[in-house]
């Protein structure tokens with residue numbers, strides 16, 4: 001994988017309409033260096049596959065005279081790349097350079113002269129001063145995924161030194177005068193095609209980009225690119241859409257991503273900025289799917305709790321319940337009335353939620369008798385974390401405010417129900433929500449990418465994930 005760490009990621013770059021992204025990605029110098037190491041390993045493999053043709057001919061060589069020669073079975077033994085660099089060309093693209101590389105080869109030789117005299121043996125060949133320079137462009141294919149290509153390539157072979165095993169010293173004259181240049185030219189012609197193939201070999205990998213990643217049966221998240229990359233001297237900044245949609249129905253939410261800028265950090269290879277817009281678009285999607293509701297019954301409350309979901313418990317606070325519905329179990333239906341709103345402030349992520357709580361008495365024939373409806377305004381704190389290749393969360397209740405929307409059992413002091421609702425939130429609502437949030441949703445990824453040394457910080461309007469990466 002040539003420059004896989006950053007080209008694979010850094011190629012997330014289509015030319016589409018420029019809009020504010022929900023997600024930003026930055027490749028730093030550290031990530032580029034990791035990519036260079038992977039790229040040189042791939043380049044070594046390609047150079048190892050160079051095939052040198054057999055050389056044969058007839059020349060006059062002093063002091064022997066006319067000689068027929070043949071060099072065959074030439075094989076690459078070793079490739080060394082002591083110097084290499086990957087440089088970003090601001091506003092343009094990428095340049096890869098290799099200097100003072102060498103290739104060690106061996107093969108068989110044989111000669112015939114004076115019509116009847118034949119000699120043969122082996123030889124070792126060292127090709128030195130190999131220099132390669134190639135420029136790489138990053139584009140977008142018809143699916144919105146990245147595609148890379150080599151725009152230009154140059155290669156030069158400095159010198160070749162041969163050692164013949166067997167034979168006389170005149171063999172070196174034969175090599176220097178008639179074989180050296182032709183052999184170096186033959187090798188030089190194969191270098192740029194191999195460098196180009198290293199780049200093109202990335203494209204199948206790039207097609208694994210999760211441009212549209214399924215989250216569950218209700219939602220998917222889009223990571224298409226909304227603008228071209230910003231190539232700087234020491235980093236590449238990428239803008240991704242980062243928006244949730246209902247599966248099969250891409251409806252825009254009634255809000256847009258706010259502009260934000262990544263801070264100048266470079267301790268990690270990769271930085272991912274995830275805006276509040278991305279998470280709030282998820283809330284919009286799940287609200288549209290009608291799944292932001294929860295039914296709570298007594299069997300969901302721990303048996304050790306003195307508070308039970310039955311008319312006996314509620315009847316102590318609301319006499320009308322005890323009179324009209326004695327000795328019955330109850331059910332609470334909690335339903336989101338507005339799209340929950342997540343806010344990121346420095347070191348703090350919070351969610352504001354507006355729900356209704358409808359209380360029912362469960363009759364002996366299982367029919368439900370409505371008792372009352374509460375409006376509930378809740379504020380929860382969210383702890384965001386990265387789990388493998390997903391962003392997950394857990395919430396805790398900060399506070400809630402209750403008001404009475406409707407009652408079929410007479411007036412009562414709503415504040416008296418606060419302790420009961422606190423129990424319901426503590427033992428049922430918050431754990432149920434956290435089970436779902438712990439499943440997380442996919443981060444942008446390509447191929448078998450693994451995040452290591454990951455850190456997450458909550459900043460104004462977005463979270464910042466700093467991480468190193470590994471490719472297997």
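Placed from the backbone N, Cα and C atoms, the Cβ positions cover glycine too.
Worth saying up front: this structure is predicted, and the values here are computed from it rather than measured.
Going by TrEMBL, these are the annotated features:
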type     : residues : note
SIGNAL   : 1-18     : signal peptide
DOMAIN   : 26-249   : domain 'Lipid-binding serum glycoprotein N-terminal'
DISULFID : 153-192  : disulfide bond
DOMAIN   : 264-467  : domain 'Lipid-binding serum glycoprotein C-terminal'
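Per-residue confidence over the domain 'Lipid-binding serum glycoprotein C-terminal' (264-467) averages 95 (mean pLDDT, predicted model). Sequence-distant neighbours of residue 192 (disulfide bond): residues of the same chain at least 6 apart with a C-beta under 8 Å from its C-beta are 132, 134, 153, 154, 155. Take the CB of residue 153 (disulfide bond) and look out to 10 A: across all protein chains shown you find 18 other CB atoms.
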